[in-house]
Amino acid sequence: MKNRFLVLGLVAVVLVFVIIGLCIWLPTTSGKPDHVYSRAAVATDAKRCSEIGRDMLQEGGSVVDAAIASLLCMGLINAHSMGIGGGLFFTIYNSTTRKAEVINAREMAPRLANTSMFNNSKDSEEGGLSVAVPGEIRGYELAHQRHGRLPWARLFQPSIQLARHGFPVGKGLARALDKKRDIIEKTPALCEVFCRQGKVLQEGETVTMPKLADTLQILAQEGARAFYNGSLTAQIVKDIQEAGGIMTVEDLNNYRAEVIEHPMSIGLGDSTLYVPSAPLSGPVLILILNILKGYNFSPKSVATPEQKALTYHRIVEAFRFAYAKRTMLGDPKFVDVSQVIRNMSSEFYATQLRARITDETTHPTAYYEPEFYLPDDGGTAHLSVVSEDGSAVAATSTINLYFGSKVLSRVSGILFNDEMDDFSSPNFTNQFGVAPSPANFIKPGKQPLSSMCPSIIVDKDGKVRMVVGASGGTQITTSVALAIINSLWFGYDVKRAVEEPRLHNQLLPNTTTVEKNIDQVVTAGLKTRHHHTEVTPDFIAVVQAVVRTSGGWAAASDSRKGGEPAGY
């Protein structure tokens, strides 16, 4: 009998240990599997949109077909960040020709715009006057003409169905609705789409956009001309003018997207990074990386607490110097920024700035020599796509601040951008006493400066190594830089490269913002070096990336916005 109880007791003890072991082990091993695909990958900030891009690739579509179909979907599921009432940039890499190109479909100032048109920031953030000429659909058209394989109309069908039949409010849209609750509930056109019984929709509730579905159907059938010189044009102008805007039919008629056949590039070891130049922030990204590559970062740079603290201090100092020079950038068609860009892409110039970084301490703002002040830019969305043939697209799209101008057409369902707010105005001197940037003043037809930097990195054999970009306003450039540093230099896998807690400093204000879950070694090291740090209650930007590995294409969609990649 004793033996029997002894055996039962031993069995019970073993079972307890097994259960405890499972409880400890399961949470760490039953998370989402790594998203590694043998042939192709799509990383967007919404799972359904990644799947739509994947489906287009499986139908025999090109990497650009997949990108356009995914972007149309993102304009619904993350309508607060982007859509056909906004603009975008594509960075495209053709694996056959081994050439990179950029398509510029950024919004531009209407022809009646002028330098002093805004006397207060509210007018540049909300209402018809804040709307710049949208470029999104012209950008899709040009990209499809050059690289599309599937019929134009096919790319629209999944999003037409989503808009018409509805989809659940996701994490990103729910957060934006909560943040902008007051204005949405007070604006009938917005509340018609984004409210139920007068209150903003919650995560998981269904949103439908039947009027936008009709507009997408027209664009699918009639092409981009419907928007710019066709059946939709008069209504678009009417909607914007009735909201106080100055856009004309001629503004839409005359808008053209542009191919840039020689984007900016930088050598990173045996790899090359391609990124758009001004008015985007490619020069800023390149200057950050040029400064930092002189430190020869490696996994050892973050291996010990002391080394990690020093490494992140150096990274923040590079951010400060690069953002100081950003204040001199503008639309190169209107201002001569060639010397500024040459400096920002020069390794010699980066070496000079690196020599001014002191490992023991940071410095006051004036040390970094900011010339002017630039306004913060807003929301955006990004996708990264690689197709079976190894071609790639990085595309970043925006309507600027959450819900753009807050002007939503009750006829077409289009939500228009507030991109005029990205320009500088001579009527505003910022709170730091720094003058606004003349290079970014408003002129008719001019494009405002942006933090976007959709990037593609290829190896010495011309094969895509990494496709990366981000959304998140002024924090985009630093977040893309960190993802590249994490992947290429620190040796992190793509998921960790994207998910690793981030920090940001744009010099004005000279505050280093950190995410709340960042390693305390980093914040302690920054404080020791006299950084003014601040923990953000939110998060710093949203990154989408695809990286080539020995097992295939590893894709990561940032959990900060609830995205998920797809592939096959």
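Cβ atoms here come from the backbone N, Cα and C positions, even for glycine.
Together with R106, T398, I399, N400, E419, D422, S450, S451, Swiss-Prot lists one candidate of G148, G473, G491 for binding L-glutamate, that being G473. According to Swiss-Prot, the listed position annotated as N-linked glycosylation site out of N119, N296 is N119. Among the residues R106, T398, I399, N400, E419, D422, S450, S451, G473 said to bind L-glutamate, no two Cα atoms are farther apart than 15 Å. Looking at the topological domain 'Extracellular' (27-568) alone, the prediction's average pLDDT is 96. Residues G86, G87, E107, D377, G378, G379, T380, N417, P448, M452 surround the recorded L-glutamate site, their Cβ atoms falling within 8 Å of the Cβ centroid of R106, T398, I399, N400, E419, D422, S450, S451, G473, which are themselves excluded. Closest to N94 (N-linked glycosylation site) by Cα-Cα distance, out of the binding-site residues R106, I399, E419, S450, G473, is R106. Across the structure, S450 (L-glutamate binding site) and N343 (N-linked glycosylation site) place their CA atoms 19 angstrom apart. A 10 Å cutoff on Cβ-Cβ distances gives N343 (N-linked glycosylation site) a total of 17 other Cβ atoms nearby, all chains included. In this structure, the CA atom of I399 (L-glutamate binding site) is 24 Å away from the CA atom of N427 (N-linked glycosylation site).
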